[in-house]
Amino acid sequence: MSNQGAFEGAANVESGSRVFVYEVVGMRQNEETDQTNYPIRKSGSVFIRVPYNRMNQEMQRITRLGGKIVSIQTVSALQQLNGKTTIATVTDASSETAKSEGNGKATPVKTDSGAKGFAKPPAEEQLKKKDNKGNTMTQAKAKHADVPVNLYRPNAPFIGKVISNEPLVKEGGIGIVQHIKFDLTGGNLKYIEGQSIGIIPPGVDKNGKPEKLRLYSIASTRHGDDVDDKTISLCVRQLEYKHPETGETVYGVCSTYLTHIEPGSEVKITGPVGKEMLLPDDPEANVIMLATGTGIAPMRTYLWRMFKDAERAANPEYQFKGFSWLVFGVPTTPNILYKEELEEIQQKYPDNFRLTYAISREQKNPQGGRMYIQDRVAEHADELWQLIKNEKTHTYICGLRGMEEGIDAALSAAAAKEGVTWSDYQKDLKKAGRWHVETY
């Protein structure tokens, strides 16, 4: 989003007007954040530029919105004047959008102005750590080919046309979730698996300002559902919640717009953004996927790239030979999004793909309560832990943030059996680029 207003008046070059970048986690979408000019990303960090004379006020505002500042960095006035930023430790797709730059999740990445929106990948990085038993762990940080970032920005979005809008929740399920396919003909909107795009809904907010963009994980591979490089798809749930004061039902602006949009309608699209959830290039990598609800979107892109015949034909350089395991949490069986696709892959590739459901309102955990995804992880924690220890294994978590604590507890118990402290081991996984999280 090329929107300097998103950073509350950054870049005054007068004396004493130094600009700082706050890295913030835990921001939640609510009425007050809806009045800001930057989106609250589903996961990771939000980066906010703050002039020196507003640092205290911004700290108070962030605290009020439920955020926590985890780092503060400086941006020189000279860099602001030149329109450049060398602080590229951006770890979140919303930050990319707000800054109109690409990012790297764990490694600083500078955007090459001659690369037309493609950010150069970080160099391969060897991380040598010792586990709790003193054994050296050498892990290679994943390398990726050039990743397209911010090819279309809010001030000049791509205008896509809706091809189809299909329901994903079966009869008897809860809520509205749609699979929406857009025509990309006539543009240059390239993307890869694990990225997101921004959607700008029409109209203005209650303050009379144009609606802000919202970010959605892409649900199709780089070649599109038709494997013709002409489409992009989203998996969107209509946001619905009770107003905390009035008790009235409130519907999300953009999600309602998308879930009810008609084929043939034109939509403003920005992006793509994101590097946190990219699939490793190594076809022999193992991939653990832990998802709830629409968090299945990036997982679908991975599975299509790995197993769909047309995709494999379109990607002769990537023929998946590893092992993948999806643990998918939903409330009811009719809420298993893409159920037929998932089970078809499982039947066709039983040696390479394992599918496990956690159906909270139909299944019980060992304590007699509802079976949530973290309960399934606990059930299979020893197996998952052994797989995670393999240096070729990447773990992806996408969906509700509430599952993270339970997942960590389960893996902590499994690791402890071998004298390993999970929290330390997890840090090494993150540094090695093998632990990928996008939760909200």
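Note: Cβ is positioned from N, Cα and C throughout, glycine not excepted.
FAD binds R214, L215, Y216, S217, C235, V236, R237, Y241, V253, C254, S255 as Swiss-Prot records it, and from the list T294, T301, T332 the residue named for this site is T294. A distance of 6 Å separates the Cα atom of T294 (NADP(+) binding site) from that of C235 (FAD binding site). With respect to R361 (NADP(+) binding site), the closest of these binding-site residues in Cα terms is R237, chosen from R214, Y216, R237. For the domain 'FAD-binding FR-type' (155-279), the DSSP-based tally of helix, strand and coil residues reads 7 helix, 51 strand, 67 coil. Nearest by CA distance to C235 (FAD binding site), out of the binding-site residues I373, G399, E438, is G399. Residue pair S255 (FAD binding site) / I373 (NADP(+) binding site) shows a Cα separation of 25 Å.
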